C-alpha cells in the first residue's frame, strides 16, 4: 500500500534545534536519537515525519564529490533509537558506501539488529529514489517485515515493506534449507 504525506514545517524546526536543546528526540549517544513511538511497527504520522526529516538532515552530510548525488538515511530500531547515515564516495568508485548501509552498520555496531523502519532521502524532485540492489539485500538481511519510506525533498513519501522492495528475496534462513546431495 502506498501512503504519501507532506511534512509539517514545525517538525523541521524541531529537528534542527541545537544539540544543547532537548526535544522529544533527545540525543542518547553520539549518532543516536530516540523517537517516542510506543506503538507496534505501524508508526504514527509524527514519527514518520521525524524519521524523514532526520534522513534529510543526514543527506546534508553526504560526501559525494564525484556524483554530486546526496543521499541520507534514518533507521529506526524496535527500541525507538534512530541511526542516521549518508553516502560516502571514494576516488576508487566501488569503495563508496550508500547511506542505508552506513545507518545499518552504525546500528549493528552498537548492538541493534531489529528494525521498524528506514527513511531514505535524496535531492531528486521528479521521483522517489529507492535503495540500490546492494542496499536492498543489505536491508533484507535484517528481515522482510519492516518498513521503507522513500521520500521527496518536500517530505512527501511512499511507504513500502522490505518484502515489497525486494520480493522473492534470499536471506539468512535460506542458508539452513535442505539441499540436494552432490
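Even glycines carry a Cβ here, placed using N, Cα and C.
Bear in mind that the values here come from a model prediction, so they are computed numbers and not experimental data.
According to TrEMBL, the protein has these features:
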| type | residues | note |
| --- | --- | --- |
| ACT_SITE | 100 | active site, proton donor |
| BINDING | 87, 88, 89, 90, 91, 92, 93 | substrate binding site |
| BINDING | 98, 132, 135 | Zn(2+) binding site |
| COMPBIAS | 14-23 | compositional bias 'Polar residues' |
| COMPBIAS | 24-42 | compositional bias 'Basic and acidic residues' |
| DOMAIN | 46-173 | domain 'CMP/dCMP-type deaminase' |
| REGION | 14-42 | region 'Disordered' |
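Features per TrEMBL, on structure.
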{"residue": "87", "record": "substrate binding site", "Cβ neighbours (10 Å)": "24"}
{"residue": "88", "record": "substrate binding site", "Cβ neighbours (10 Å)": "16"}
{"residue": "89", "record": "substrate binding site", "Cβ neighbours (10 Å)": "18"}
{"residue": "90", "record": "substrate binding site", "Cβ neighbours (10 Å)": "12"}
{"residue": "91", "record": "substrate binding site", "Cβ neighbours (10 Å)": "8"}
{"residue": "92", "record": "substrate binding site", "Cβ neighbours (10 Å)": "7"}
{"residue": "93", "record": "substrate binding site", "Cβ neighbours (10 Å)": "9"}
{"residue": "98", "record": "Zn(2+) binding site", "Cβ neighbours (10 Å)": "21"}
{"residue": "100", "record": "active site, proton donor", "Cβ neighbours (10 Å)": "27"}
{"residue": "135", "record": "Zn(2+) binding site", "Cβ neighbours (10 Å)": "23"}
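Within 8 Å of the centroid defined by the CB atoms of 87, 88, 89, 90, 91, 92, 93, the record's substrate site, lie the Cβ atoms of 63, 66, 94, 95, 96, 97, excluding the listed residues themselves. Taking the centre of the Cβ atoms of 98, 132, 135 as the Zn(2+) site, the nearby residues of that chain (Cβ within 8 Å, site residues left out) are 99, 100, 101, 131, 133, 134, 136, 138.
Looking only at Cα atoms, residue 91 (substrate binding site) sits nearest to 98 among the recorded positions 98, 100, 132, 135.
Secondary structure counts, DSSP: the domain 'CMP/dCMP-type deaminase' (46-173) has 42 helix, 34 strand, 52 coil. For residue 132 (Zn(2+) binding site), the same-chain residues 6+ apart in sequence whose C-beta sits under 8 angstroms from its C-beta are 98. Residue 93 (substrate binding site) sits 16 Å from residue 135 (Zn(2+) binding site), taking the CA atoms of both as reference points. Each residue contributes its Cα atom, and for residue 89 (substrate binding site) and residue 100 (active site, proton donor) those atoms are 13 Å apart. Here the C-alpha separation of residue 90 (substrate binding site) and residue 100 (active site, proton donor) works out to 16 Å. For the domain 'CMP/dCMP-type deaminase' (46-173), the predicted model reports an average pLDDT of 97. For residue 135 (Zn(2+) binding site), the nearest of the recorded positions 87, 88, 92, 100 in terms of C-alpha separation is 100. If you measure from the Cα atom of residue 92 (substrate binding site) to that of residue 100 (active site, proton donor), you get 20 Å.
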